């Protein structure tokens, strides 16, 4: 056999870079590797344009305004400085959503390429749900008005073009589009004009831009708003988006949405990270509102400080924003709601609700780059048992593969993967392996050979298979825009194709921004070409979305449609919530990254991605033991709860830091497991309504201004509030408890007044956390090895009475794994305490399906906070039998001595209707 060819010099250099890529020093944040606005021509052009500065602004042709047969409103827009007119389409979705679409009008001049409109993100029935708009009323002054609903109407000014969504009756504006005249729409061109240069240079990379500049810019204003939120993903300790331009702006760069592989990212920066969701929510004294732009090209968004336009005075309660995108079309949604939950629900109504996870996925995950071999896996697994720490999932990173060839195993380290998974599964646990999009260019690798033969790779600008570098070395990337290729990829997860996989193995998608080590900004060149002759610049932010989708579909097919997939993805886009979880990427083991994790996870929840979390302890670096403890105490509240670390870090399993700290981390994990019934119920709510599991305080207290920019405390559902500890050696913390009712300390039941801040002493054993008066929270208090082993355990109900001596809560239960719940196989109960009676009632919708679910689980304890301990008996109906009320522990945590009146062993089934009356 001939020796392998000698690598070309530039390949040798790149290989050296690749070998160094995993070095912390090599891959730490390097500002000059990534573009800023001034280095991004479309952003620089748009940012220098003054309001209403165009000589011939955008205008609407009144004669073209008409209601189409599908009920939408259409018109022609003219932009004299551009090549061809634009076509406007307005449509409505219930209850108060307006869709605005603007594209080039191709009717008179069809170019060789059309602008890309992102498919597959909106729910398939969005068009079918479109309402029939009435014929607008047009005034002599050139203003058209039509009703969006009984509460909201739309005003369209013709010349210059401006659109305003306002409250009907009062006429108060809620949102406006192009009120500052900043709209620009660069048309596709067939050839360069004289003197034009289309190519762009960044560092050593040239973007050929064969279709010329094609950016879009416009302004959107939010009225009655104190703050705006959203636009993940970026690192920040602020929940609200900070002004980026104008007097007193706290940032100098716009918020960038461009999915990138950023190692050890900055905790405080508007720079884009791994995912992009172009959705913004505004909240304040007026109605809540939201704006979503369906566009997968790079975006830059300015939040403009009052006076940004040089005006001597500013309109109170208005926030102006500037939206800039490199390519695409305008496909935007305006949402109006009486409160922020209404806005979230409307956004979810077009992009889809989060998928309902399996029960195990809501529990604790243990990960590291990398657990070395089967012996290491067995040792970690047994270590959790030996130290009485539950966990549900053990993860394997890239080193488990044969030379970074995904869907394979390194059989020298993992000779019996199915046996290994079986031993983990015997304890009710699962495993996860990593599958990234870069496919090793190796003629002996069947996946590469098949993808090459079928033409399934993304192409470079010359039409050849794109060849970039990532963990395996030379790599190519499947073109996930093509439905045929997604189907092919999904088939690779079958047991036949993924040898060594079992039904208890799930998947992790990393590096799917996509990451290309030798590419511009560590990603794919913008002039690479996808299915349908779509340039990568048009698709970039959705590549990871499609990869996530195809992987989830693969697990769905593997399970014959019966097993809910679990797929964690690093990259994401609007709609990714339908396919699984995400995490915040390569954070650092420092207090700042712990603090920034809360606004990041809250922002993800507001924009649909409720199943998210940050690496416990920080991915990069070695956390001080006290930091690691605090991170577990905060992270136990994340929707996605996983410990993870870089391979250059010291091992950090929870039992490696001394007996005291092990006990503290064990206690944090135990707390999460005891609250799994509550979390699972919240995930059910999210899967139906889109309301996130982990929430900003203002989502539950929308009228309380003290909550509007609180990014340190957070709600878990409607009933629990927690405040992290984010400083080393912190002795006290100020905690604001909103509302007029009491809050009860989760640890000891102590009551605290609502509507004020409390300065609390900090203890090492937990972070401040509280249950809201008026709430009932279900728990399971028997500690097991995994959540699977808790299935038949009894429940505890914790009732926190409000000033009316009342409380309520919910419990949702299904089989924790299948889709039978979609045919009615679940239990959904509401618990109501009033007039000294606790009542359980069924709230599951009828006629959902013919499948049933039942359980013999009972209520073992009912803890009542906020009541005197005078009563000694309770009467259970039906049956009219007495049970004892006695003082019992509020928490089963180690060393807890706090007690409260407790109904002991009423033993009523959660599936039944019943009443328990305090005698």
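Glycine too: its Cβ is placed from the backbone N, Cα and C atoms.
Per Swiss-Prot, the annotated N-linked glycosylation site among residues 38, 802 corresponds to 802. Taking every protein chain shown into account, 510, 513, 586 are the active-site residues, and of these the Cβ with the most other Cβ atoms within 10 Å belongs to 513. The Cβ of residue 802 (N-linked glycosylation site) lies under 8 Å from the Cβ of 741, 742, 773, 774, 866, each of which sits 6+ residues away along the same chain. Between the alpha carbons (Cα) of residue 586 (active site, proton donor) and residue 513 (active site) lies a span of roughly 13 Å.
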